[in-house]
Every structure is written in C-alpha cells, then in structure tokens.
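The following features are taken from Swiss-Prot:
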type     : residues                                                : note
BINDING  : Phe24, Ala58, Phe59, Glu60, Val82, Leu83, Ile84, Phe115 : 5-amino-6-(D-ribitylamino)uracil binding site
BINDING  : Ala87, Thr88, Arg129                                    : (2S)-2-hydroxy-3-oxobutyl phosphate binding site
ACT_SITE : His90                                                   : active site, proton donor
Amino acid sequence: MNIKTIEGNLSAKDSKFAIVTSRFNDFIGGRLVEGALDCIVRHDGSEENIAIYKCPGAFEVPMVAKKLAQSGKWDAVIAIGVLIRGATAHFDYIAAEATKGIAQASLECGVPISFGVLTTDTIEQAIERAGTKAGNKGWDAASAAIEMVNLYKQM
C-alpha cells in the first residue's frame, strides 16, 4: 500500500500564537500560561509572535478565542483556564459551556484553538496539572496548537 500520511511537526518558527487565559484561579492559570510560552519558545517560536489576552473567567474564554481566531492575525489560539469543582452545580455548567464554546469557535473559524482549560475536582488536581506531577497542560495545549498550525499548512 502506498498511502500518504500527513502530520504537523513541532516547529513554531514564524507562526503567531494568541493565548487567551482567564484571571479566575490565575495562581494556577499563570503556571499554565508559563508552560505554553515555554513550549512555543523551545520549539523555535518568537516572543514577538505571541500575545496573551486575559479575560475574567473560563466562561468568557470561548468568546475571546473566537474573536482572536476571526481576526486573521493568529495562526492558532491557545485557550487556558482553570475550573475547580465547588459545592454547587456552577462548575458543571461553566465547564460544559467553555468546552463546547471553544470547540465550536475552532470549527466555525477554521483556525486551530487548542484546549488548555483544566476541569478538576480539587485544587490539588489542578496544581498537579500545572507543572508538578501530571506535567503542564498549558505546555500540552501549546504543543497541540503548534502541530495543528503545521498540519493546516499542508492542507
């Protein structure tokens, strides 16, 4: 069989990335942003080609991500936020809407929007995913964005 397989590579050279992050739970979200920045720079990205947009909470992240994707200025958008389950159903509603909103924005805009929104049951789980035991999900979201930019370039 002679089937061609096309994949994106992990070179951020000359690509432009917007990071949208929520200020709510920023003591963890800031670590995710640091992970995303580190990933882009380590993969030959330039700090001049990165901008960080801060919004109030995870519910607003999809709106900002969509606006950034529609602007035509960015090769990819990295969506970052931190949701930690509390005593009410509020977590479930915000987590579901943020997830759906980010996916919908990416599909509608044709620009990769990677998902770096933590949805955890405890603060300890969030901390683990922000650079301790379970890696840094901001890094993972940036890595996915880089790969998708390069895959899109081959389409």
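Heads up, the Cβ atoms here are built off N, Cα and C, so glycines get one too.
Ranked by how many other Cβ atoms sit within 10 Å of their Cβ, the binding-site residues Phe24, Ala87, Phe115 place Ala87 at the bottom. Between the alpha carbons (Cα) of Ala87 ((2S)-2-hydroxy-3-oxobutyl phosphate binding site) and Glu60 (5-amino-6-(D-ribitylamino)uracil binding site) lies a span of roughly 22 Å. Of the residues the record lists as binding 5-amino-6-(D-ribitylamino)uracil, namely Phe24, Ala58, Phe59, Glu60, Val82, Leu83, Ile84, Phe115, the two whose Cα atoms sit farthest apart are 17 Å from each other. The separation of Thr88 ((2S)-2-hydroxy-3-oxobutyl phosphate binding site) from Glu60 (5-amino-6-(D-ribitylamino)uracil binding site), Cα to Cα, is 20 Å. Annotation for the recorded positions Ala58, Phe59, Ile84, His90: lowest Cβ count within 10 Å of the residue's own Cβ, His90.
Counted within 10 Å of its Cβ, the other Cβ atoms near Leu83 (5-amino-6-(D-ribitylamino)uracil binding site) come to 23, all protein chains included.
Rounded to the nearest whole angstrom, the C-alpha distance between Arg129 ((2S)-2-hydroxy-3-oxobutyl phosphate binding site) and Ala58 (5-amino-6-(D-ribitylamino)uracil binding site) is 17. Cα separation, Phe24 (5-amino-6-(D-ribitylamino)uracil binding site) to the residue listed as 'active site, proton donor', rounded: 14 Å. On a Cα basis, His90 (active site, proton donor) lies 14 Å away from Val82 (5-amino-6-(D-ribitylamino)uracil binding site). Separation of the C-alpha atoms of Phe59 (5-amino-6-(D-ribitylamino)uracil binding site) and Thr88 ((2S)-2-hydroxy-3-oxobutyl phosphate binding site): 16 Å, rounded to the nearest whole number.
Looking at Phe115 (5-amino-6-(D-ribitylamino)uracil binding site) and Thr88 ((2S)-2-hydroxy-3-oxobutyl phosphate binding site), their Cα atoms lie 24 Å from each other.
Calculated from their C-alpha atoms, the gap between Leu83 (5-amino-6-(D-ribitylamino)uracil binding site) and the residue listed as 'active site, proton donor' amounts to 10 Å. Residues Ala87, Thr88, Arg129, recorded as contacting (2S)-2-hydroxy-3-oxobutyl phosphate, have a largest CA-CA distance of 23 Å. Around Glu60 (5-amino-6-(D-ribitylamino)uracil binding site), a 10 Å sphere centred on its CB holds 18 further CB atoms from the protein chains shown.
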